[in-house]
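All remarks here apply to the structure that follows.
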Amino acid sequence: MTDVTPLLSPEVADALAAGRPVVALESTIIAHGMAYPANLETARRVEAIVRAGGAVPATIAVLDRRIRIGLDDAGLERLATARDVMKASTREVPLALATGRDAATTVASTMRLAAMAGIAVFATGGIGGVHRGAATSFDISADLTELSRTPVAVVSAGAKAILDLALTLEMLETLGVPVVSVGTDIFPAFYSRDSGLAAPARLDTAGEIAAFIRAHRALGLTSGVLVANPIPAEHEIPGAEIAPVIESALLEAAAQGITGKEVTPFLLPRVAEATAGRSLKANIALVENNAVLAAQIAVALAAEGR
Ligand code: PSU
Ligand code: MN
């Protein structure tokens, strides 16, 4: 019989039992979002940043037929180097468990598994959302579905720049997902600080965000919260510069018939190549920046008892 009980690392289990701060981390970015060795270096550095911020990192994946909440270094290395790792959104988690395939978790499945384990805060790069052309392709990430039904705060640099951000914000509103930009009135656009779209709400400190999450929870609201934390200015790629690169990568994807869950893994290396690695540097910087804030939020939440 398949064992679906999450297997917590000893460090994560201890922290959760004691009510100490824990930050969940996804693994799709390791297995499918960045190439080796940048993926492994980033995974390690993000964990170190969470620790330095006073929280315990819990990178989530499915390995050896078990849901893992908190990986050791061998687990991180395996995800960063293995060739046949599945990209598992929530609906694929049972498939990974039942077939015994190793799987990296997306924002959606990481949220769900974090919630199962009692982890309230999660740091990532950018969420999936409504793709350009979704009116005909229907390509809308299950990350939005999960945000609508799973009470985890997702610290991101907004949604992936390859998406239709205006439609993504509309969808988040329809789904009742609070969207809070950090220290700005505008919704960030992953590689750039300014999407040209107004943020639905603004908060300026981790303490304020923790208070928001507590109020959201106290009301019995069961959705997630999207915390949109702009990339640090020194690492941003202005929208006007990155937009044509993304557009030509999207055209290439369309020409090759790339659809569904393959789209992001197809685009990211092409964007990295076309920007001579600048997009990869920006991606790493924003993930690290989100890990800093997520640890602060987790610490603030734990301070008043989760
Ligand atoms: N953003 C990135 N790199 C990534 C992802 C997002 O910069 O690899 C991943 C996340 O794991 C997210 C997933 O949950 O892509 C969304 O995939 P899709 O659009 O197929 O739902
Ligand atoms: Mn999709």
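Glycine too: its Cβ is placed from the backbone N, Cα and C atoms.
If you check TrEMBL, you get these features:
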| type | residues | note |
| --- | --- | --- |
| ACT_SITE | Glu26 | active site, proton donor |
| ACT_SITE | Lys160 | active site, nucleophile |
| BINDING | Lys87, Val107, Ser141, Ala142, Asp143 | substrate binding site |
| BINDING | Asp139 | Mn(2+) binding site |
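Overlay of TrEMBL annotations on the structure.
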{"residue": "Glu26", "record": "active site, proton donor", "Cβ neighbours (10 Å)": "29"}
{"residue": "Lys87", "record": "substrate binding site", "Cβ neighbours (10 Å)": "20"}
{"residue": "Val107", "record": "substrate binding site", "Cβ neighbours (10 Å)": "32"}
{"residue": "Asp139", "record": "Mn(2+) binding site", "Cβ neighbours (10 Å)": "18"}
{"residue": "Ser141", "record": "substrate binding site", "Cβ neighbours (10 Å)": "26"}
{"residue": "Ala142", "record": "substrate binding site", "Cβ neighbours (10 Å)": "17"}
{"residue": "Asp143", "record": "substrate binding site", "Cβ neighbours (10 Å)": "28"}
{"residue": "Lys160", "record": "active site, nucleophile", "Cβ neighbours (10 Å)": "28"}
Between Asp143 (substrate binding site) and Glu26 (active site, proton donor), what C-alpha distance do you get in Å?
12
Cβ under 6 Å from an atom of ligand 2: which of these recorded positions qualify? The list is Glu26, Lys87, Val107, Asp139, Asp143, Lys160.
Asp139
Would you kindly give the Cα-Cα distance separating Glu26 (active site, proton donor) and Ser141 (substrate binding site), rounded to the nearest Å?
15
C-alpha of Ala142 (substrate binding site) to C-alpha of Lys160 (active site, nucleophile): distance in Å?
14
Residues other than Lys87, Val107, Ser141, Ala142, Asp143 within 8 Å, Cβ to Cβ centroid, of the substrate site?
Thr28, Ser89, Thr106, Ala108, Ser109, Ile127, Gly128, Glu146
Spatially closest candidate among Glu26, Asp139, Lys160, the listed recorded positions, to Lys87 (substrate binding site) (Cα to Cα):
Glu26
Can you list which of the recorded positions Lys87, Val107, Asp139, Lys160 have their Cβ under 6 Å from some atom of ligand 1?
Val107, Lys160
Can you tell me the CA-to-CA distance separating Asp139 (Mn(2+) binding site) and Val107 (substrate binding site), as a whole number of Å?
16
Where does Val107 (substrate binding site) sit in DSSP terms: helix, strand, or coil?
helix
Taking only the Cα atoms, work out how far Lys160 (active site, nucleophile) lies from Val107 (substrate binding site), in Å, as a whole number.
12
Among Lys87, Val107, Ser141, Ala142, Asp143, the record's substrate binders - longest CA distance, Å:
13
